[in-house]
Amino acid sequence: MAIERTFSIIKPNAVAKNVIGNIFARFEAAGFKIVGTKMLHLTVEQARGFYAEHDGKPFFDGLVEFMTSGPIVVSVLESENAVQRHRDLLGATNPANALAGTLRADYADSFTENGTHGSDSLESAQREIAYFFGEGEVCPRTR
C-alpha cells in the first residue's frame, strides 16, 4: 500500500487544554510520521477561506468564531492509508458518538469544539495541506 499524507488540526479548545504533546504522541504511537507542523492563530479571513464549503450553513459563523478564538496547530501526517487511519483515530465528528479511546472522545467539548480536524479524502488533504503549508515546509521523513 502506498504512503499517503493527511492534514490535521488541533483546535483551540484542545490547545487550551495543553494536550498538544499527548495528541502528537498518539499520532506517533499509531504509526504516523509528522512531516510538517506549525502553530498559528487564524484570522477570520483564513478561517472563512478554509471552511468555505460550509459557508451558508447554520453553524458556519459559530465555527469561524471558534476557530479564531485561540491558537491552533496544523500538521501534515504521513503513513499508509493515512486519511482513513487518521479519521479512525479522531473518532466521530460528534463527540457524543465518538468511541472511547479516540481523540474526540478524550478531548472534545461539543460538536463544534470537537478538539481536532482531519481531512476526509486524499483530495481534501492535498487542498488543506496547500492552504497552510508552502513549498519546502513539509519534510519527507527518510529515517
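Using the three backbone atoms N, Cα and C, a Cβ is placed for every residue, glycine included.
Annotation comment: Swiss-Prot describes H117 as active site, pros-phosphohistidine intermediate, evidence class sequence analysis. Using a 10 Å radius centred on the Cβ of H117 (active site, pros-phosphohistidine intermediate) and all shown protein chains, the other Cβ atoms total 20.
According to Swiss-Prot, the feature ATP binding site maps to K11, F59, R87, T93, R104, N114, an assignment based on sequence analysis. Classification of N114 (ATP binding site) by DSSP places it in coil, neither helical nor stranded. Cβ contacts within 10 Å of N114 (ATP binding site), excluding its own Cβ and spanning all protein chains shown: 24.
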### Query
Do you know offhand how many angstrom separate T93 (ATP binding site) and H117 (active site, pros-phosphohistidine intermediate) by C-alpha?
8
### Query
When neighbour density is defined as the number of other C-beta atoms within 10 angstroms of a residue's C-beta, which of the binding-site residues T93, R104 has the lowest density?
T93
### H117 (active site, pros-phosphohistidine intermediate) versus K11 (ATP binding site) - Cα distance in angstrom
7
